[in-house]
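Look at TrEMBL and you will find 122-172 tagged as region 'Disordered'. For 326-345, 391-410, 417-444, 450-472, 493-517, 523-546, the entry in TrEMBL reads transmembrane segment.
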Amino acid sequence: MVLKIFFPQCCNKADSGLLVGRWIPGQNSAVVLAVIHYPFIPGQVKQYIHQMRGQSGVDLTVLGSWSMPKEGQEGMESFLRDLSTIFPQGQWLQLSREMGKIGFGCHVLTRDQNGKLLQQEKELKEGGGGEKGEGKKGGKGGEGKKGGGEKGGTKKGGEKKGEEKKVEGEKGGGEKDKVIFIHYEQRKVMLSQLHPIENGVPDPQTESQLPQVFGTVCQSEPLFFLDKYDDSPVKLTHWQSEGREGSIIVELMKQASTPVCLLTTWILTLWTSLCSSRILNVRPMRFISSKLSTCVQLSYRTEHLQTVCSPTRATAHNHFMRKANISVSFFVDVCLGLLLVWWMYRENRIGKLANTLVPAADHVAKELEELLQWLMGAPAGLKMNRALDQVLGRFFLYHIHLWISYIHLMSPFVEMILWYVGLSACLGLTFALSLLSDITALLTFHIYCFYVYGARLYCMTVYGLSSLWRLFRGKKWNVLRQRVDSCSYDLDQLFIGTLLFTILLFLLPTTALYYLVFTLLRLVVVMFQGVVHLSVDFINSFPLFAMGLRLFRSYRLAEGVKFRVLCEEPGTPLHLMMDINPLKVSSVVQTYRTPTYSCYPKDSWLALCKKLFLGELIYPWRHKTTKID
């Protein structure tokens, strides 16, 4: 067996005293948390440990003694050793540090079943040495004692004068007992969150040693509140013993956060009650608000603020990280929005944009007119159905003229509209991008209408041809069973079907060409809106706080640990240094990414190509708003 002692680096030079920590259940391991300095009163030590045990919920106990050589304290080691009778434990650790050596000496004292101390004091040689060790058994206790490197019998403590009992030893078959010291940085371990699985989901069956060590140090935070400036009869050495960390700015923000959260919660309550009123829940209003990116983003930010300003304290790590990521994302979003407002209103860029917008719309309309004139002729040398070509061309040209009239009617108000729309960026860059998406949809509404007309006409033609093709083969589509069944047709049905199939087949190139052209235009608009939506989703969902911890305090998000040899001196146990392995960047994003309400389709490329081939409409939104993780 190997006894592993997790020892904090901050206690390496602590004064002599008692070791406070916890034995890990089910593991032959101990976690040292602090050193109580001499002088002390044992009764006060017991009372203090009992108090800390109640506050932290950790089974704290006195693990043993710590001896640091100092002038005038030559008998300190034997005095601390005798304290094992006051603090009875199954195993009593005696750690001592010698002058001129980095490693510690370790003695392990154990008790038998009657509670009597068996003074099995064996100098533990370094692990991995060449000497052959022997395991020892207590004469009455039957418990295996740790030794290594040299043979020796043990005497029962408190035996009568002249009476001596030897402890029978039996060889361990070539395997010798060891003690390994694992040094750790207490501050980093306490502040870190261990992620045992790559995707961040903890395994409920994990009973390994490492999570218990991290959990013990993290839950023992009340033990670290006592520093050297406190008027307490008990003095300790731990990572905050020289003074507790604090910030005046953080404390002021904590004091100011309560009234700010109450005010924000009250405003959000009024806003949600207004949004849930009957007037805004009418079916047309509800449909329009679900399709406008600005309304979706507004509801999303409202939910975010409700989460951040919730009076419920974030006790779980995931809840805390969600609140922190939302807060940092909202702060960065507002800062970027204010920067955009400053840039837009600095040199009257709003007026320049308004003066550019109307001519740009006219130019797009003129280009569409030239495109339709090209389609009404012989595009790329193709011979089209002239009658259908002229009808479709004039139909679309009429819509373009209506659109130009609408643009010129709105041109006097464009600058004023842009002026007030630009102020919405004060709510965040995501609001400005959402408004940009909605404005793009309004300015390209005629392209959307052309696409819908062409897609519907092409879809009717394709489905008509497929149905008439089944008629040629003596088949029909069974609507009830959703399958193709055999069917017998008479001569008149076959004749009419042949005529209709011929007509639709010769009209297909004309309808397909118009559908292809307007589908390409529509895809350009959808791709632009998709980039805008991706930018909004990136700002909303990217875990900025978690990524900041990963970059600047990588130990806060731990994926595991690594060990390196710290000291390997003769006559001392093996000393290892435990360093924290930070979580991978991809795992950080995957674990702490905020769920979003995505407004763009999640279809595969195959499904998208199938929709384009069959003439089904492609929307830049989902028909049912679902939460995407």
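Numbering starts at 1 and runs along the chain as it is shown here.
From the backbone N, Cα and C atoms, a Cβ is placed for every residue, glycine too.
Contact between the transmembrane segment (326-345) and the transmembrane segment (450-472) does not hold: fewer than three of their C-beta pairs are under 8 Å, each pair 6 or more apart in sequence. If you look at the transmembrane segment (417-444) against the transmembrane segment (523-546), you find at least three C-beta pairs under 8 angstroms, all six or more positions apart, and that counts as contact. Here the transmembrane segment (391-410) has Cβ contacts under 8 Å with residues 358, 361-362, 365, 368-369, 372-373, 375-376, 445-446, 449-450, 453, 510-511, 514 of the same chain, all six or more residues outside its ends.
Sequence-distant neighbours of the transmembrane segment (493-517) (same chain, 6+ residues past either end, Cβ-Cβ under 8 Å): 371, 375, 379, 382, 384-385, 388-389, 392, 396, 454-455, 457-458, 461-462, 464-465, 468-469, 471-472, 615.
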